[in-house]
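Student: This is the structure I have questions about; it appears just below.
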Amino acid sequence: MSLKPVKLAFEKYSATVAKHPPVLIFHGLLGSKRNWRSLAKKFSCKLDRDIYAIDQRCHGDSPCVAPLSYSAMALDAFQFMKDHKLDKASIIGHSMGAKTAMVTALKWPDKVEKLVVVDNSPWYQDLPRDYGAYFRKMIQIDEANITKYSEADKMMSTVEKDILVRSFLLSNLKKDSNNSNTFKFRVPIELISKSLKTIEGFPASLNDLVYDSPTLVIRALKAPFIPDSALPVFKKFFPKYELVSLDCGHWVHFEKPKEFSESIINFLNN
């Protein structure tokens with residue numbers, strides 16, 4: 001099956017004077033461009049670069065089109081640069097977006113000035129068991145025709161006690177276009193849940209490729225996504241990588257926003 005790119009929704013944060021190539025930001029699984037608003041504004045000021053916070057396919061306001069694979073999402077990223085006449089950009093990717101960013105850099109290295117990989121590795125990586133429970137519960141919520149956000153929150157609280165994580169997951173709820181009294185998820189829950197094995201993986205076709213430009217890897221020490229055993233794999237694909245480890249969980253940009261943003265600003269300004 002030949003892949004076709006989709007037009008990605010985005011929010012642009014313009015620098016007062018853009019002195020350097022722009023930055024593309026790719027969110028994680030079930031995230032969206034909205035999760036990055038405050039950091040994107042900060043980056044545009046501190047980096048003198050235009051910042052594009054982007055919704056990946058099947059997320060946010062971008063089209064819901066199969067397949068949800070890294071080859072497809074990287075092609076979307078490449079097409080986005082083409083459509084917006086961006087000769088070169090730096091890319092920041094978190095979680096699923098980190099793999100999209102890595103695949104894009106490996107396939108089109110001349111298009112990527114610098115790469116920032118946030119808490120994911122270039123290999124097969126099991127998602128925590130919580131994700132299966134999240135998706136099963138989200139399907140139940142979608143089918144329940146709920147009329148209040150609080151009802152969805154109550155249902156989700158049976159599988160996730162942390163209110164911040166629940167609020168992140170439920171940020172995908174919106175009023176149903178066919179019935180404004182009920183809420184539905186804006187993302188295709190069934191398609192994404194069927195694509196989890198692909199999302200856990202990394203394309204084997206890239207095994208002989210190298211991205212030989214500066215790469216920053218930000219690791220969350222309280223998450224399982226970048227174990228020490230992954231570091232030689234980073235060295236193979238990204239020989240110029242440097243590692244920053246932060247004492248937090250997987251949602252690094254929420255838990256350690258100051259340290260996270262300073263690491264990226266220093267790296268991109270260097």
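Including glycine, each Cβ sits where the backbone N, Cα and C put it.
What Swiss-Prot records for this protein is below:
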DOMAIN    21-257  domain 'AB hydrolase-1'
ACT_SITE  Ser95  active site, charge relay system
ACT_SITE  Glu190  active site, charge relay system
ACT_SITE  His250  active site, charge relay system
Student: Find, among the active-site residues listed as Ser95, Glu190, His250, the one whose Cβ has the highest number of other Cβ atoms within 10 Å in the structure shown.
Tutor: Ser95
Student: Averaged over the domain 'AB hydrolase-1' (21-257), what pLDDT does the predicted model reach?
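Tutor: A mean pLDDT of 96 is what the model gives the domain 'AB hydrolase-1' (21-257).
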Student: Going by DSSP, is His250 (active site, charge relay system) sitting in a helix, a strand, or coil?
Tutor: coil
Student: Specify the secondary structure state of Ser95 (active site, charge relay system) as given by DSSP, simplified to three classes.
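Tutor: For Ser95 (active site, charge relay system) - judged by DSSP and reduced to three states - the answer is coil.
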Student: Do you know offhand how many angstrom separate His250 (active site, charge relay system) and Ser95 (active site, charge relay system) by C-alpha?
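Tutor: Rounded to a whole number, the Cα-Cα distance is 8 Å.
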Student: Please report the Cα separation of Ser95 (active site, charge relay system) and Glu190 (active site, charge relay system) in Å, rounded to an integer.
Tutor: 20
